[in-house]
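Undergrad: Following this message is one structure expressed as structure tokens.
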4 protein chains.
Amino acid sequence: MAEYFKNIPKVQFEGTSSDNPLAFRHYNPEEMVLGKSMKEHLRLAACYWHNFCWDGADVFGAGTFNRPWLQAGDAMQRAKEKADVAFEFFSKLNIPYYSFHDVDVAPEGNSIKEYINNFAQMTDVLEAKQEETGLKLLWGTANLFSNPRYASGAASSPNPEVFTYGATQVMHAMNATKRLGGENYVLWGGREGYETLLNTDLRQEREQLGRFMNMVVEHKHKIGFKGLLLIEPKPQEPTKHQYDYDTATVYGFLKQYGLENEFKVNIEANHATLAGHSFQHEVATAISLGLFGSIDANRGDPQLGWDTDQFPNSVEELSLVIYEILKAGGFTSGGFNFDTKLRRQSSDPQDMFIAHIGGMDHLAMGLKKAAQMIENDFLGQVVSKRYAGWNGELGKGIQGGEFTLESLANLCVDKDLQPQHVSGQQELLENKVNNVLYG
Amino acid sequence: MAEYFKNIPKVQFEGTSSDNPLAFRHYNPEEMVLGKSMKEHLRLAACYWHNFCWDGADVFGAGTFNRPWLQAGDAMQRAKEKADVAFEFFSKLNIPYYSFHDVDVAPEGNSIKEYINNFAQMTDVLEAKQEETGLKLLWGTANLFSNPRYASGAASSPNPEVFTYGATQVMHAMNATKRLGGENYVLWGGREGYETLLNTDLRQEREQLGRFMNMVVEHKHKIGFKGLLLIEPKPQEPTKHQYDYDTATVYGFLKQYGLENEFKVNIEANHATLAGHSFQHEVATAISLGLFGSIDANRGDPQLGWDTDQFPNSVEELSLVIYEILKAGGFTSGGFNFDTKLRRQSSDPQDMFIAHIGGMDHLAMGLKKAAQMIENDFLGQVVSKRYAGWNGELGKGIQGGEFTLESLANLCVDKDLQPQHVSGQQELLENKVNNVLYG
Amino acid sequence: MAEYFKNIPKVQFEGTSSDNPLAFRHYNPEEMVLGKSMKEHLRLAACYWHNFCWDGADVFGAGTFNRPWLQAGDAMQRAKEKADVAFEFFSKLNIPYYSFHDVDVAPEGNSIKEYINNFAQMTDVLEAKQEETGLKLLWGTANLFSNPRYASGAASSPNPEVFTYGATQVMHAMNATKRLGGENYVLWGGREGYETLLNTDLRQEREQLGRFMNMVVEHKHKIGFKGLLLIEPKPQEPTKHQYDYDTATVYGFLKQYGLENEFKVNIEANHATLAGHSFQHEVATAISLGLFGSIDANRGDPQLGWDTDQFPNSVEELSLVIYEILKAGGFTSGGFNFDTKLRRQSSDPQDMFIAHIGGMDHLAMGLKKAAQMIENDFLGQVVSKRYAGWNGELGKGIQGGEFTLESLANLCVDKDLQPQHVSGQQELLENKVNNVLYG
Amino acid sequence: MAEYFKNIPKVQFEGTSSDNPLAFRHYNPEEMVLGKSMKEHLRLAACYWHNFCWDGADVFGAGTFNRPWLQAGDAMQRAKEKADVAFEFFSKLNIPYYSFHDVDVAPEGNSIKEYINNFAQMTDVLEAKQEETGLKLLWGTANLFSNPRYASGAASSPNPEVFTYGATQVMHAMNATKRLGGENYVLWGGREGYETLLNTDLRQEREQLGRFMNMVVEHKHKIGFKGLLLIEPKPQEPTKHQYDYDTATVYGFLKQYGLENEFKVNIEANHATLAGHSFQHEVATAISLGLFGSIDANRGDPQLGWDTDQFPNSVEELSLVIYEILKAGGFTSGGFNFDTKLRRQSSDPQDMFIAHIGGMDHLAMGLKKAAQMIENDFLGQVVSKRYAGWNGELGKGIQGGEFTLESLANLCVDKDLQPQHVSGQQELLENKVNNVLYG
Ligand SMILES: [Co+2]
Ligand SMILES: [Co+2]
Ligand SMILES: [Co+2]
Ligand SMILES: [Co+2]
Ligand SMILES: [Co+2]
Ligand SMILES: [Co+2]
Ligand SMILES: [Co+2]
Ligand SMILES: [Co+2]
């Protein structure tokens, strides 16, 4: 396919004095922050699906985007045109990584053999594209939710042949991810859940999922894939209830099947809020459980009850999220993947650039603010001081297992303890965070 | 205290032809259902706190109930009057069990010694009352959330002395529960959570909770308490986020600290819905994880975002919940505890009776409907048939660990599998459930 | 098109002893309830769109239904096949009414002329079908939300040509509705709202809507359409905020443009709950404002934040809704329209029948229960007694405008008023309602 | 009462180089912004109730604040001490306005006469305090929701004597407000709603409210009060449903009773979000309906379903709200009132200062950012251009009433209109707003 974004040159950093909407004002890839380049800190990725597989349709209306590569035609030919446009976009956007599902990049075909064959051909195409452009793969994944065969789930399907079909896709997607140098492999179980408890055996479906994930781990080691395996939690949508509800739920699942050292989570901001949590909560929880892996950077709408996958634009929120990540040592192989889609009304091709540039700039702003909070870590100091008692004699004794309820109760009486509440200073801390954000 | 509910005789079963609002129309304690009496199936309990410790106040207004035992006066004297009224109520209501927090029944006093002393005296009072009335204790618990010392949590407090104080209360509440023949012991961590992540160390607080729960288990075994230990999940309120968010979250916590065989959950309907789940979901999830223990039977308002603790009145919902419980073998030592409060406008003393009678009747209706669904278990049959493939060769092979991703993928290709979706028949099953409910 | 539902005979009433899932157990069209037949009370309608224009796709996956008339082919030919199947379905379902959007029944074509021509041809087809089957049209409407031209709204579009195009569709849809004997005309403004306030002029868009609705009224009178004009409120989805948020909001809009006597509302259960209201609230509010018109009978999922349009199955909820409607005198030209769709997993053609039969039966049950509540109107009696003071001297004086704040304050002091709260008896009333529902 | 905040001097502006948590960094009262001082733009007020009438209690626990003036004692004496502390606080905080409910400042007493007498005495006290300190009253109001007599509402009570009692309070509160130079009078109907539709007559209660509000208007004119009358919308809490649900609902109510020119709204951020709207939405809606009056500046927690009344700290949100207000010409007699309460854990007296200082600074930041957006009004330009067609021939013709549906349809066909969607550029605008916020 010929150049699609004809009037759009490669996006450059121009700084805050620029008012060019097609330039970065904050994202300066090589700029050093806390001893590491922005590019290395953020590890930004654009996705294939929302950008190149979606035409602006929603439940109540047809597509508004008119992408030529989504028109009818020979499927493999269209897939190649799509790859041309995708890599033109990624390159011009100056983003270092991308991410994809198997069926984003290759036609499913009418049989498992066609699937395998098409995907293999397109893996060659992607490999050549990566080489040509220098782009890297943040993660690959398999789509086990769009085809009607997965309407009742893939790993958790009542039909073991559906499980088998899904397993086949995952194996090929893992293999392709490895071959393309992908740095992680993601599993999002969009249909692994239920529509109604009336026809569902929760225990059976959980066992199936446990078995599936164990097979994935085994395959990873067999092929020597070195990246992280990531589960992406989501509470509901498309189904009524999904088993990977949130990070805490995934943790229990992993513990049950002995997988807690084999998987991390890929946290999506909009999935966090649909689950009734703040984005920061999910990140902090994952870190506290040793499960933090990667981020799908987007946002929901606070008034809407579905996954709008909007571009992240709250620097207030992003700064605290990045602060948590920096405190925990930063990403290893994860990164910020834009699992984001344009608003249906944003129908200009250049809206794709503008939206991503905004997202990248907002993350860059967040990084700079978070770095300031790390350098003068007033939050860390408050926390240390607040829990200081747990480094004292009593605290250490309790945590060291020196007390029973009874001996502790005796101590309480003997010392006539009358502990008093101490202010949590929430408003002070909120003010101090804003001092960093706004000067 | 003299008789308080003067004009209210002991509540009797009068059947559906009665229109006496102070009689049972469905709850007939000795009526046999599936070979067991209603009383034994439902194991109903009324609670101390909402009925006898609350005067109808809410955040925006003063109490509307004017309960005499909540007026100013000598604290121990008032506590004894409260016990008189409580047991008058329980007895007249004809409910077999009750439940309490330590500080519901005894004044906290101004020191740990006073607490212990008051509580011991009131345990004597309760013991005498139980003997006199035949009432039994479904469960006891300690209130580690109302006193200002617990504003930042008890087990998860930043101050180990607060932890110690809480441990002391729990030990005494466990001991009293054992002495009173209590059949379970409940832990609800109303302040075990955070108001803001800015001042919180999630990992530290979780470790503290893990230690606390281990001490509770150890004490249980030491004193030979034979009942269940129950954790009651709640997602938020009073704090922004509570660590026992829902059953799945509690499961992960228990697995982390090796406690999954020591605790069950006490599921509250209103806490389920606040967590974004249906009541039935929480019960079914607990059963599927081997964690089902007991129920706080109430309901929320679908349009309100806080814990209204209303009396359960949806027979549609209760029937399915009881169906799940019956399928799983029924309660062991758990039961249906009315963690329910009157609406603030329901200010007549007899509203207490009417509300509980309704709740008891609705559970009895639900039991009868659920028993019908067990007798003609069309749901069970549909589920069996739906998952039949997992008893076939392929299904058993997968679950038995006979396949790797690769060998399964080979099978998929070799057999050229093309599995098709089969209808989930949700609407059919919903209709059939309604046929049971409404004839 | 040949018979599509080959093995399905016309659905008959078989009573509660039947366990035929393809028979009515409660809906007995000619059965008399409070002096009117069930059929006349309920005025049931099935819709064209969810049943015949949707193939089971959702945002995350392709269609699961494989409806032959939705495959590629000559658009008018397919439209005629669709009409064949639709009327086969309506007739076999034994439902007296149907409802449609212009573009459900006729292809949009590539120009306004093609639209008009196609729609005119299909109106002929529908007219013939109605005559042949005896089916009647509950209401017609125009789809001003699916075509990309309406992405920013129709009447509230920033582009007056889009307004014009929408007006043209509405005129033709009104004319067709009149010609087909439609008993109402509905306006649902799915895109009349905003995605972001940043690009929106609220006052301008409201003025446009006001003008549009006035033109609709004027056209109604000009063509002598005798049915009701109905606005269907919805708070959000597809857009972030829709102007017809709920009944109270529509009332304010109508008052502003002097339209309160020209429009009623078409209340959808799932839209009510998305707006933060109970279904009963919206119905009761519409009645209290003189705006009650018709109902889109469906339900949402209490845990999901989007419009699931499930089949209504809560007899508890429906009984109270129908009680409100009966108290207000019943429908005039409105009715219960099933704006309902199958779950995506319900992929058998017969699921369409089963789901509607269930919905019809649940409404029939609700009607019978509501009739009982009308016959022994304990709710009405409680309400009368509760407000009795407003028929007394003081109450009448206040309402009659006899007092100023000052004279009323003087009266308060002079009489030293000390009014006391009286119990609202909510739990008693809830119990009594359940006594009706469950015996 | 002696000085309470002993170690806290009058709060001063110290600029962004200060890290004194008890100084303003942005709020510089006399600094000019767009030709007016910050003080005049923002018109900041602190409230009496959360600061001086609340001790840190919540539904699950006792107060944590230990305010001496809330201890037991002679009620009038305590009220005077409370006034001392309140004015010490207001003065030291350097805030120009305050706000109160009648029963915040004066004890209710045991009869209407005592109420009147107490309130009169305390009005004298307040008048002296205002004179002494220079503080001004932004608005007064009457509390018709806390006393048990109002459990079923005040104006909408089933008992006309309760209506009368409420009317008496309102008259005295209006009179006191006028005497104290109050610039507005607020009505918040916290109990004007229902708990259950089962016992409620919606139409009757609405009529009562309509009458009540007319009496208020009449009294305003009679006493020559020149400020605004403000209704404060809230959707629910404490009751299940409140009649002043949101701005759009209030508009319909005012139109029904011919009051739309007599009332404006007092919009509270947390009430907006509880109603399912953004804060900006409610402000923009009020402006578009000509109802904008004043603001209760606070925020909710996005994960919690009740009114947390936290201090506003999102400059992202506040900037857009202030932009709307500035575009509409700014406040007339309204202002930003801190209807905000400390978190229960923020138990230091100085937390009161810190929280308000943060709120004041965040509003000052928002003002400065909004002023930038006014100076370079890219949003306004985009909006003008987007709707430009409505200033063209067709647009003016439609709005001017020159077309019927039919003549417009004819035009559509004659011109063969094929309007195309144009990008809404949401992401571009969001990026541009962030460029202002973060440079
Ligand atoms: Co994602
Ligand atoms: Co998403
Ligand atoms: Co509970
Ligand atoms: Co509760
Ligand atoms: Co509808
Ligand atoms: Co709908
Ligand atoms: Co307020
Ligand atoms: Co509030």
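Using the three backbone atoms N, Cα and C, a Cβ is placed for every residue, glycine included.
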Undergrad: Record says C:Glu232, C:Glu268, C:Asp339 bind Mg(2+) 1. Source is TrEMBL. Which of C:Asp244, C:Asp246, C:Asp296, C:Asp361 does it list for that same site?
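TA: Answer per TrEMBL: C:Asp296.
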Undergrad: In whole Å, how far does the CA atom of C:Asp339 (Mg(2+) 1 binding site) lie from that of C:Asp309 (Mg(2+) 2 binding site)?
TA: 7
Undergrad: Report the nearest neighbour of C:Asp296 (Mg(2+) 1 binding site) in space among the recorded positions C:His101, C:Asp104, C:Asp307, C:Asp309, comparing Cα positions.
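TA: Of the recorded positions C:His101, C:Asp104, C:Asp307, C:Asp309, C:Asp309 has its Cα closest to that of C:Asp296 (Mg(2+) 1 binding site).
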Undergrad: Could you state the whole-number distance in Å separating the C-alpha atoms of C:Glu268 (Mg(2+) 1 binding site) and C:Asp309 (Mg(2+) 2 binding site)?
TA: 9
Undergrad: Write out the long-range same-chain contacts of C:His271 (Mg(2+) 2 binding site), meaning residues 6 or more apart in sequence whose Cβ is under 8 Å from its Cβ.
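TA: Listed in sequence order: C:Glu232, C:Pro233, C:Lys234, C:Pro235, C:Asp246, C:Glu282, C:Asp296, C:Asp307.
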Undergrad: When you measure from the Cβ of C:Asp309 (Mg(2+) 2 binding site), which residues in the chain that are at least 6 apart have a Cβ under 8 Å away?
TA: C:His50, C:Asn270, C:Asn298, C:Gly300, C:Asp339, C:Thr340, C:Lys341
Undergrad: Looking at the recorded positions C:Asp104, C:Glu232, C:Glu268, C:Asp307, which sits with the largest number of other Cβ atoms within 10 Å of its Cβ?
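TA: Per the Cβ count, the most surrounded site is C:Glu268.
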Undergrad: Which residues of the same chain, at least 6 positions away in sequence, have a Cβ lying under 8 Å from the Cβ of C:His101 (active site)?
TA: C:Tyr48, C:Trp49, C:Gly140, C:Thr141, C:Ala142, C:Asn143, C:Ala173
Undergrad: Can you list, in sequence order, the residues of the same chain other than C:Glu268, C:His271, C:Asp307, C:Asp309 whose CB lies within 8 Å of the CB centroid of the Mg(2+) 2 site?
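TA: Those within range, site residues removed, are C:Lys234, C:Ala269, C:Asn270, C:Leu274, C:Asp296, C:Asn298, C:Gly300, C:Thr308, C:Asp339.
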Undergrad: Around the Cβ of C:Asp296 (Mg(2+) 1 binding site), how many other Cβ atoms lie within 10 Å? Please give the count over every shown protein chain.
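TA: Neighbour count, Cβ to Cβ under the 10 Å cut-off: 26.
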